[in-house]
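Q: The following block contains the structure, expressed as structure tokens.
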Amino acid sequence: MASLIYRQLLSNSYVTNISDEVSEIGARKTANVTVNPGPFAQTGYAPVNWGHGELSDSTLVQPTLDGPYQPTTFNLPIDYWMLIAPTQIGRVAEGTNTTNRWFACVLVELNVQNTQREYVLDGQTVQLQVSNDSSTLWKFILFIKLEKNGTYTQYSTLSTSNKLCAWMKREGRVYSYAGVTPNASESYYLTINNDDSNVSSDAEFYLIPQSQTELCTQYINNGLPPIQNTRNVVPVSLTSREIRHSRAQMNEDIVVSKTSLWKEMQYNRDITIRFKFANSIVKSGGLGYKWSEISFKPMNYQYTYTRDGEEITAHTTCSVNGVNDFTYNGGPLPTDFAISRFEVIKENSYVYIDYWDDSQAFRNMVYVRSLAADLNDVVCSGGDYSFALPVGAYPIMSGGAVTLSPAGVTLSTQFTDYVSLNSLRFRFRLAVSEPSFSISRTRLSGIYGLPAANPNNSVEYYEIAGRFSLISLVPTNDDYQTPIANSVTVRQDLERQLGELREEFNSLSQEIALSQLIDLATLPLDMFSMFSGIKSTVEAVKSMTTNIMKKFKTSNLANAISDLTNSMSDAASSISRSASVRSIGSNTTMRISTAIQTGEDLRTMTDASTQISNVSRSLRLREFTTQTDNLSFDDISAAVLKTKLDKSTQISQTTIPDIISESSEKFIPMRTYRVMDNDTGFETGIDGTFYAYRIDTFDEIPFDVEKFNRLITDSPVLSAIIDFKTLKNLNDNYGITKTQAMELLQSNPRTLKEFINSNNPIIRNRIENLIAQCRL
């Protein structure tokens, strides 16, 4: 079928007038510029592997166990436990306020009798009396002195099996742990001038907030969590704990991440939302005393306001959801006042406001995440509406009010008369407010909510102030705008029709008679005979055929054919006939990316299978240069398409161009191709299978890749309608003559029809399998 379309393209049978070009341009702008639906309304997924990046948050998430940090000297923050985890005996840490307090902590190993040891404390070498009588517990000893040149005295001890100690500055005191684990508890020593007290640690340490003192006590008595004792936990410098404070601007653009083609931009904007309700009041026929409907309608509103000195043009669409229907009937007479239905929004209702403005934030609002908004509440109060009766005093509906509170924000698309806009949809929940509404001269009163009769109360608009923030994936080039879903409804209707037509086409495969299919495949089909089953005029068929040609010219198959044609043209311009024949083959082989290599290059059967598969996918184009009088896969595809077009009940002029171009690429995807050399046949399949066999006996022989490479360059490439497996199965079970074998190898339609008419199950099954592959 593709070759049929290809040959008619080459023959220039069809032309395009200016009206066709205008229609095509309009179709591109209105129907074909679409984005695949994504998780938000009419947006789509990004065309890259898009991670969430770093998320900014105003909440300080404080870890319970912060560390470990490398040994250092620093001013320990107030209200933080410094949990020290030494790995060797000796000095653990020391500190001072530089005036009247010097303190130091040392670690003593097991089984140490009362002895003097030498330590370097406060830059001086001192002798301290230490001991540890326990054979199972390590011992921390806290020493303190009150003068620069004074003597250290023992203050408290902590015996532990976990080699952990801790202290904290709080309320003018130094707190530490004392006792014996697992019953150690905190104690304190009075000190002054905590703000200038520096601490020097000789071991790794952790910081724990005072609010987690209970957990710190648990660590002292029972040890650190298992994760902290692995070799993968690496201490870091204390400087990594520094927090840099920054204040976000109300209106700013921040580059979150950036690659060569795309970047993530965070847009922070303060906005002013102005909106108004629209309503529809319909009066019934008759004497003029009855109304059939009072309802809310969507309302578009365009306005300008100033943001940071810049004039912003904004567009909003206000709509309601979850309305409540009320009725009023004053009596059965034609002159009795009555309202068949009037709408009221109450607590169970929602108001949606779609907002768009001309700022950079909305220019590429297609791929969006981290969307948040903060808006004010607004009170909407109803006004008076007089029902003009032919005679008598007018009933007046008055009052009613609701408060709109923000309930969320999502993405949406606004459709105006000229363009569709990717916008933000702000959702508001409602709460009823005073006053209630009533209708004068009736018993209807004391009802809460906002009726649709006069929801704007003569004000020009309602206004909400607030701000929003979002992160959008946009092109790195600021001059490029990401396409949005223009006229998406038109395209969706067409896609729905195409989907239904595809289902019908696929279901019709079982209704095709095999014998008639072979006859139809041998006919010289053209485009006009293809559409003979469609009720239409000749001019309509011409127009439809032109559209099919346009669709086909933009397909992947047509592009590959164009490359092949260029190669043939280059070869035809060669000087000698023999050179041109070789040029056709070599250029074609190059264009179709023939990756066949010889001998030593084919190390494994897997390599050969991959290369053969790549060649088989491209031999379809090579087949165009060697058209024969026998059947090809495209002949069967065209016959199946013709049969299904005749049987279809849903085909139309708008859908047939898509169906034909799609069929030319998708019908019979699992094809097998054959080249022959005297008594040897070579077959390759799309699935990577390949066979070489004797034609007279169908005995398989080794596949000569070098010979195959030469044959596909110089010899005709045939469609293997009846492939090697089917032929061998047929010969083994039924026995066939050499003449029949040659005709089946060449896909002779007469021989195929004879086997089908004789109900040969093997041949019928093969043809039915090909028909089943003609799917969309």
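For all residues, glycine too, the Cβ spot is worked out from N, Cα and C.
So Swiss-Prot lists these for the protein:
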- 484-511: coiled coil (COILED)
- Cys318-Cys380: disulfide bond (DISULFID)
- 65-224: region 'Spike head' (REGION)
- 248-479: region 'Spike body and stalk (antigen domain)' (REGION)
- 389-409: region 'Hydrophobic' (REGION)
- 510-776: region 'Spike foot' (REGION)
Q: Are there residues at least 6 beyond the ends of the region 'Hydrophobic' (389-409) whose Cβ is under 8 Å from a Cβ of it, and what are they?
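A: Counting only partners 6 or more residues beyond its ends, the region 'Hydrophobic' (389-409) has Cβ contacts under 8 Å with 287-289, 335, 337, 342, 344-346, 349-351, 371-375, 377-383, 424-442, 447-451, 453-454, 464, 466, 468.
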Q: Per-residue pLDDT averaged over the region 'Spike foot' (510-776) comes to what?
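A: Average per-residue pLDDT within the region 'Spike foot' (510-776): 65.
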Q: Take the region 'Hydrophobic' (389-409) and count its residues per DSSP category (helix H/G/I, strand E/B, coil), listing them in that order.
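A: Output for the region 'Hydrophobic' (389-409) reads 0 helix, 14 strand, 7 coil.
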Q: In which DSSP state, out of helix, strand and coil, do we find Cys380 (disulfide bond)?
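A: Its secondary structure by DSSP: strand.
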Q: Report, as a single number, how many Cβ atoms besides its own are within 10 Å of the Cβ of Cys318 (disulfide bond).
A: 25
Q: Return the residues near Cys380 (disulfide bond) by Cβ distance under 8 Å, restricted to its own chain and a separation of at least 6 in sequence.
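A: Result: Phe277, Ala401, Val402, Thr403, Leu404, Leu450, Pro455, Asn457, Tyr462.
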